[in-house]
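J.: This structure is in structure tokens; I'll ask about it shortly.
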Amino acid sequence: MNPKYEVLAIGGSAGSLSMLLTLLPHLVPTLNIALVVVLHRKDSEDNTLVDVLRHRTMFAVKEAEDKETIETNTIYVAPTDYHLLVEKDHSFSLDNSEKVNYSRPSIDVTFESLADVYGPTVVGLLLSGANADGVDGLKAIKKAGGGIVVQDPAASVVPYMPQQALNALPADMLLHEHSLERFIQYLADKSQ
Amino acid sequence: MTADLQLTDEQIETILEDMVEVHGYDFTHYSRASLKRRIIRLVSLDKFLSFAEFRFKVRQDPSYLNRFVEQVTVNVTEMFRDETFYRTLREDVLPVLATWPLIRIWHAGCSTGEEVYSMAILLQEANLLHKSLLYATDINPAVLEQVRSGVFPLHQMKQYSDNYIRSGGRKDFSMYYTAQYDAAKFDERLGKRIILATHNLVSDRSFNEFQLILCRNVMIYFDKELQDRALKLFDDSLEALGFLALGSKETLKFSTVTGNYRQIENKEKIWRKIK
Ligand SMILES: C[S@@+](CC[C@H](N)C(=O)[O-])C[C@H]1O[C@@H](n2cnc3c(N)ncnc32)[C@H](O)[C@@H]1O
């Protein structure tokens, strides 16, 4: 039997918010999963994302804090201007080192770190964006045996990022508005 | 960037043990996730073909020690980073410090000195610089040389000027430096009150008493145990009613010294020592 998914890692850039907001209400506590969300923001001082997400979900939503332990049924948002990494004891570490792919937080940094710690129990979801951040991260998740889901480029506001991912590796499934139920089922099959 | 040579967790531990055993630098209480990423990055930058080759270099080449420390620690910094933080220093902290006859400030983990020069500018504008001493320390001797030079990249000045204005600065920021090619050389009067020393928060002790200690974006790289050690060291080095300033994602909340402190009212990451 495959191990269950413990963490859903979501990365997105330009045009990704609407898909995220559409997805959130479908996530139910019986999935027993934690979410780690890394979104590029234009304004590096903008801290309103947590409030935006909070209205769409029954999960707790908070900015990830240094040394905080990851718990299920919680959505952790990477703070602006720090990379978000994960330790072996499932706690977060923040890091303000150089930007990666012109981004801080960088999706690659968080995905690679989650792959290292959670291995086959992490599923990576890459959404719309104009940058190739997240592709190496998905490769790392794949290599560690985790799941790969990519927003359908045809259904993405900015298809570049998901298309780069699909050029680099096969996805377990494509996400668009009409495949949300199937996506939840995909998570559920692996998280009971 | 994916490095060609991946290191296992055991190999990382081996290198950290070598650093303690051979060079006396102890990184074993640093956050592993970040440290591992930095070490893998270094191995990739320096194009090592095997772990054995990397380990040999670390153990045998004394000149590689500096390179290791420089690359494994994170030196990213800015002038007037976090505008509301600097505004609070200017408006709420400096007026209190002004009542001391001699003001001693410690920048622990000062990196290349952007934070120290920002403080010197604040003190200058409050007419306090002449009676202040700014102790700037770091584990990495190379960054201290940069502080000594007082020279920063010219292309950053636009952003630093914006940061300065947003934090409540009223002057023309360009009056603090002269442009030379791609460098901004800061006014020597600002550098005069800065005292530089290497100091390792892992192993070195308290060396003076201060009214203000800043240690920003350093302890996020430490595990809880080392964070607590550093905070105790700061507690030992802070005068009664002095101030301790941390980075925007750091806190005193979980440390054993927290009872001695009260966070200032606007919730910036500045604590006052009340016991
Ligand atoms: C990200 S920089 C922070 C610079 C500045 N305080 C700021 O917030 O912009 C972190 C600095 O901490 C230093 N550092 C790391 N470990 C240290 C230690 N054990 N003792 C003293 N300094 C250390 C690094 O060399 C680096 O210059």
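Backbone N, Cα and C atoms are what each Cβ position is placed from, and that goes for glycine too.
Under the heading domain 'CheB-type methylesterase', TrEMBL lists A:1-168. Per TrEMBL, active site is recorded for A:Ser13, A:His40, A:Asp133.
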J.: Cα-Cα separation of A:Ser13 (active site) and A:His40 (active site), in Å?
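T.: Checking the Cα atoms of A:Ser13 (active site) and A:His40 (active site) gives a distance of 5 Å.
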J.: Sorry to bug you, but what's the C-alpha spacing from A:His40 (active site) to A:Asp133 (active site), rounded to the closest Å?
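T.: About 10 Å separates the two Cα atoms.
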J.: Pop the mean pLDDT for the domain 'CheB-type methylesterase' (A:1-168) in here, whole number is fine.
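T.: Here the predicted model's pLDDT, averaged over the domain 'CheB-type methylesterase' (A:1-168), is 95.
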J.: Same chain only, sequence gap of 6 or more: which residues have a CB within under 8 Å of the CB of A:His40 (active site)?
T.: A:Gly12, A:Ser13, A:Ala14, A:Ser103, A:Pro105, A:Ile107, A:Gly129, A:Asn131, A:Asp133
